[in-house]
Amino acid sequence: MDSQSEGFCVFDFVISERRTWCKFDPAGPIFNFAHIYPHNHKNMSETNGAPKKGVLERLRDGVVVGDGGFVFALEKRGYVKAGPWTPEATVEHPEAVRQLHREFVRAGADVCQTFTFYASDDKLDNRGNQANKTHTGAKINQAACDLAKEVANEGGCLVAGGISQTPTYLSGKGKEAVQAEFRKQIKIFIANNIDFLLAEYYEHVEEVEWAIEVLKETGKPVAANMCIGPEGDMHGVSAGECAVRMAKAGADIVGINCHFDPFVCLEGMRKMKAALDKADLHPYLMVQPLAFMTPDASKQGFIDLPEFPFALEPRICSRWEIMKFAREAYEIGIRYIGGCCGFEPYHIRAVSEELSKERGGFLPEGSQKHDQWGLGLRLHTKPWVRARARREYWENLKPASGRPFSSSCSKPDNWGVTAGHDMLKQKTDATTEDEIKQLAAK
Ligand SMILES: [Zn+2]
């Protein structure tokens, strides 16, 4: 296509070691999303010998877009079972995990997180789970590294090795036992020379401190996220204090993931930032929220909602809500912005599009099929749909749920038990029918 004959200027941007060519329409208020050339999917470090920029350098220089949630997306696609959240999908269905990595990269993610959520040996042995016996934790974690590295190399992305909270902690077995679980996973991440480490999904600040301590031993950059909201952790430690403690434990990047919707997570992040500023601590900030709206969730987030985990669909955020979130997050000063449960590739694409200017005009390949603010609808055959091809329409829409007999909010379950309580002691035996009857009667 001849750019001159169309009256476009051509800009050449180099962002996050990716090269993309965007045509910019000087007459228009926004990038013309219909005219994007695919960015070069080669890892620049492999093509020109320059060292790959690490996560901390990327954060210093701009925005890092994370990927989205694997467990919820792969559960819906039939590769993961809700409950144990079966990270053995990396061994059983590598093609499904690889494809999802690719879709997030196509949507503009800068990072491929290893799909190692709940892949500690104690979790793979918990409550009748046989995964540690049939596959072994080591094999599951190794397969996760192979897949994340493969796709990250295709897209010039970084690999983050992720660990998460453990049943060992919940059962009160103490620091040494908990850290021993983390070390088994981390040993594999280090053997694979992943780019940085991420401790995410911690409900108790004490456990994430123990995780950070172990991650710091490796010398790799360390990110730490808790799955808490503005009310703080499950033992009453405020969100601000949690952030300060994570930073003091040595985390280079601090934030919140999962459990709450994007805007509730940002409320928590504001509290974290205020406390960090007050303590004169300045780690990079990170947020990876749910893509489900949770204004009615209590302290433990969406886990307590009666719809968790099989009927959350009416709560899913639209791409427009995610764009609003990405902008607000950036304005707070958060530079690592991604997603957790419910975040599909199109949500990550929305983050990429909203922050395109901040990434020097970078637009992901996935945006070739998405004209911003619905401009593609100009090609629609029905005139009332063509009328929706404008920003004001989508920006102001309050989507209906289509469920006239549903209330807009729910009453969360709140059993008031947390780590240290007998009811949360974990075991390797399978849950019995009788136990389920007793729980249902509560
Ligand atoms: Zn999540």
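Including glycine, each Cβ sits where the backbone N, Cα and C put it.
Please treat TrEMBL annotations as automatic predictions, because they have not gone through curation.
According to TrEMBL, the features are:
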| type | residues | note |
| --- | --- | --- |
| BINDING | C258, C340, C341 | Zn(2+) binding site |
| COMPBIAS | 422-442 | compositional bias 'Basic and acidic residues' |
| DOMAIN | 52-355 | domain 'Hcy-binding' |
| REGION | 420-442 | region 'Disordered' |
Short question: which residues 6 or more past the ends of the compositional bias 'Basic and acidic residues' (422-442) have a Cβ under 8 Å from it?
122, 125-128, 167-168, 170-172, 415
If you run the three-state DSSP split on C340 (Zn(2+) binding site), which class comes out?
coil
DSSP residue counts for the region 'Disordered' (420-442), split into helix, strand and coil:
11 helix, 0 strand, 12 coil
With Cβ-Cβ distance below 8 Å and at least 6 positions apart along the chain, what are the contacts of C341 (Zn(2+) binding site)? List them in sequence order.
G69, V71, F72, C258, L290, A291, F292, F302
An 8 Å radius from the center of the C258, C340, C341 Cβ atoms defines the neighbourhood of the Zn(2+) site; name the other residues of that chain inside it, in order.
G69, F72, Y201, C227, N257, H259, Q288, P289, L290, G339, G342, F343
